[in-house]
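Feature annotations, reproduced from TrEMBL:
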- Gly47, Arg176, Ser177, Gly206, Asp207, Gly208, Ser209: ATP binding site (BINDING)
- Asp207: Mg(2+) binding site (BINDING)
- Arg562, Thr619, Ile620, Ser621, Asn622, Asn623, Arg657, Gln664, Gly665, Gly666, Glu724, Arg750, Arg841: beta-D-fructose 2,6-bisphosphate binding site (BINDING)
- 14-24: compositional bias 'Polar residues' (COMPBIAS)
- 39-89: domain 'Phosphofructokinase' (DOMAIN)
- 151-413: domain 'Phosphofructokinase' (DOMAIN)
- 493-782: domain 'Phosphofructokinase' (DOMAIN)
- 1-38: region 'Disordered' (REGION)
- 1-479: region 'N-terminal catalytic PFK domain 1' (REGION)
- 83-104: region 'Disordered' (REGION)
- 493-867: region 'C-terminal regulatory PFK domain 2' (REGION)
Amino acid sequence: MPPFTPAVRAENTFAAQSTSTKPFSSKFAPASHDGQPRRLAVMTSGGDSAGMNAAVRSVVKMAIFRGCEAFVIREGWEGLVRGNQTPENTPSATPSVSRSASTFFDSPNIQAKPSHLEANPEQSDFVPTYGEGELLREGVGEAQELGLRGRYIIRVGWDDVRGWMDQGGTLIGTARSKTFRTPEGREQAAYNLIINGIDALAVCGGDGSLTGADKLRAEWPDLVASLKAKSKITEEQATKFAHLNIVGLVGSIDNDMATTDITIGASTALQRICEAVDSISSTAASHSRAFVVEVMGRHCGWLALMAGIATGADYVFIPERPPQGEQWHSEMSAVLQKHRDLGKRKSIVIVAEGAIDRELNDISPEMIKQVLSNDLGLDTRVTTLGHTQRGGKPDANDRILATLQGIEAVDAVLEATPETPSYVIGISENKITRIPLMFAVEQTQKVAKLIESKDFDGALALRDPEFAEGLRAFKYISQITEDEMLPQNKRLRMGVINVGAPAGGMNAATRTAVRYCLAKGHEAVVIYNGFPGLLEDNVSVLNWLRVDNWATRGGSELGVNRHLPDIDIGAVAAKLQEHKIEGLLIVGGFEAFSSVKILNDNRDRYPAFRIPIVGLPATISNNVPMNEFSLGSDTSLNALVDACDAVKQSASASRNRVFVVETQGGKCGYIAVMGALAAGAVLVYTPEVGIGLQQLGKDVAFLKKRFLLDVKGKSEGRLVIRNEKSSDVFTTEVITKILKEEGNSLFDARSASLGHTLQGGVPSPLDRVRATRLALKCCEFLESQALKQRSGSSASSKTGSGSSSDKSYSDDTAVMITIQGSTICFTSATEMSRNADMKNRRGKTAWWHELKALVELLGGRTALAEL
């Protein structure tokens, strides 16, 4: 699972501050088919996953924005086969955007309008709903009196998918269709698409669903010919619908699709697993029990492995990497016994449902339980999480991923030609990508075949790069072994310090650093309370068991503050030398970067600073230069989304209320923008763009028009998210008062400041896994550089060219570990300084800036001219 970087490709971005409209002139021209608006349908199929509703919402809104008529297909492929068995009674017009529109709601090509708009001629441009969205959201579509029974291909408007973002599963239903697998079923599906005028189809599902999609497209010419021969369609229809364009979105909690780093639903499923295991851990420790937890993953062990890392499990079983020895029970028992010998009271084993040994024999939870009970004498329980892993609302990561992939899916399907292949939308190197659908499916199915042929290395190679790194990291943090212990003359004393503000994942990083050092024979010297603690000799060498529970703890167990080394630079140097620190890991946000820079700048004066130094970004603000993600930002986004869901619920219950939600983040708008995208806000204010009086006036006008367009008595509460430093003049309170005054009887306004709640409680699984991965790389960097330095000093001493205390150094040994795309880089403090806005404590550029425009586009605010 990569550190999630939802960045669209350069040619498909929504540039918030673009000075040229040329890239958008063709991109956002209304899509048509022989002069008529194109009809695009979206469906979900196969197993459900959190985030599917966000994907459907994104596809529908972007299709409408592009001038298409949008449809949803209920019950997956089965619904497409059944079609509309009763007449559909909906208006013939679709809400869409014209190129000359000043806002989304000014589109002039809408003719039909709901009854509540008849009395408002100036508002007749927009048809917000066709009345079906509420039935789908409430799950009452099958009620006979409400009119969806027998209708599976449903036309939807902009507001029909509102309120879908935070819903789990799929509101349009999913089913595994035996009928569609037959030629007759696929012919009927083709007929239903043609008579409904649909020539573009977006399918969200797993490899089975996507295989069906490609099969339908491959057979399409023959199906059309057969329907024409049977006189079911006319010559004109056969010509007009000679081609079907299909695009796939991967919805799978297993994260088992090759060619993409993470699938829609996977991170939420991981969240559910970790919540369960975290809860189990307390009762396991209370009774000194062992628990065997079974998670999903028939041919993919991603969930099991990442949950093992995030929860601090003792052992994991996954299909891609069976136990090395022939006797898996002996190998597992040896690991758990060592943990018990150290005094550990609980034992957690996580097993994927497809776990096997090297002879392809199944390893079941009951078998593991028998080994733990009989061989180790442990009181053992088995917990099968089952479908609880699929349930619940999607986390922030899945909402953002599904939204960005849905937008790309619309672009891909509308740009498709008869010559282009069907694409599946994935994420690779943290960029939204298009991969030929059948290639992706073939690679996915190849994994299962490689496992069946016992080529486990080959199967592992088809997983994303972090999967293999995760296996290596899990070994260091879970096993007690002397296999990689270094000789005495190569063992080091490494310092670990936390600075800045608390952030989720700090403790997981410290835990990893301590256990890596122990595995290699080093001493991990932890420094409490930042640099002031170092000056007070508040240091300690921790053992393996002391940090065992730290992975799941929020905040910082070492303690943090914003003091930098220049609090007393000479004394800091003396203390590092006194405690014989040979490498220093600094975990923190902009303060960590500043600390590395200060220590590097003072190396000429203080030899104690000539040791390898690496900073690990950990801040909810995500404001470290040249870095896409920081530890704690995912935890903070989830805290923000949870709060916004609650606030939006209150606003919706009041029918006509706007909440202005204030976020932290300093002079960096990352949390505000990404949180707005995940929470479905209609407006977002950031320090990078600021707030002007003219802009605020336009925003007020937009909100007025938006509430006027709502069905009477069914207005949705709306969110405006504001970063705390967006403006010194237009504060949260001022904006709220302006909205309240201007809203008059149309809408009310309230404010909510989330403050330090955004630092979160328990760190998210993604932050825990990311912390483990990055801390491991930091320790390896410190080790290699320190040993290289020690070797150079020894050589100088032997040749008489210098004393043993001399240390050679360069800027490349005072670095920050940064995430740039999917690449993890060690970037020197000097280079980072050139790309830093020191006054505003952020980078000079950021990949997420363009997403502000996307937030407001999906909220209906953004005008094409402003793009």
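Yeah, the Cβs are placed from backbone N, Cα and C, and that goes for glycine too.
Mapped onto this structure are the features recorded in TrEMBL.
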| residue | record | DSSP (3 states) |
| --- | --- | --- |
| Arg176 | ATP binding site | coil |
| Gly206 | ATP binding site | coil |
| Ile620 | beta-D-fructose 2,6-bisphosphate binding site | coil |
| Arg657 | beta-D-fructose 2,6-bisphosphate binding site | strand |
| Gly665 | beta-D-fructose 2,6-bisphosphate binding site | coil |
| Glu724 | beta-D-fructose 2,6-bisphosphate binding site | coil |
| Arg841 | beta-D-fructose 2,6-bisphosphate binding site | coil |
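Cα of Gly47 (ATP binding site) to Cα of Gly665 (beta-D-fructose 2,6-bisphosphate binding site): a span of 37 Å. Of all residue pairs in the beta-D-fructose 2,6-bisphosphate-binding list (Arg562, Thr619, Ile620, Ser621, Asn622, Asn623, Arg657, Gln664, Gly665, Gly666, Glu724, Arg750, Arg841), the one with the greatest Cα separation is 39 Å apart. Arg841 (beta-D-fructose 2,6-bisphosphate binding site) is 44 Å away from Asp207 (ATP binding site) when you measure Cα to Cα. For the binding-site residues shown (Asp207, Glu724), fewest C-beta neighbours within 10 angstroms: Glu724. Confidence annotation: the domain 'Phosphofructokinase' (39-89) carries a mean pLDDT of 91 in the model.
In this structure, Gly206 is the one among the binding-site residues Gly206, Gly665 with the smallest number of other Cβ atoms inside 10 Å of its Cβ. Sequence-distant contacts (6 or more apart, same chain, Cβ under 8 Å) of Arg176 (ATP binding site) comprise Ser45, Gly46, Gly76, Glu78, Gly208. Counting other Cβ atoms within 10 Å of each Cβ, the binding-site residues Arg562, Arg657 show the lowest value at Arg562.
For Arg562 (beta-D-fructose 2,6-bisphosphate binding site), the nearest neighbour among the listed binding-site residues (Ser177, Gly206, Ser209), judged by C-alpha distance, is Gly206. Separating the Cα atoms of Ile620 (beta-D-fructose 2,6-bisphosphate binding site) and Ser177 (ATP binding site) is a whole-number distance of 45 Å. Listed in sequence order, the residues Ser45, Gly46, Gly76, Gly205, Leu210, Gly212 complete the 8 Å Cβ shell around the ATP site centroid, once Gly47, Arg176, Ser177, Gly206, Asp207, Gly208, Ser209 themselves are left out.
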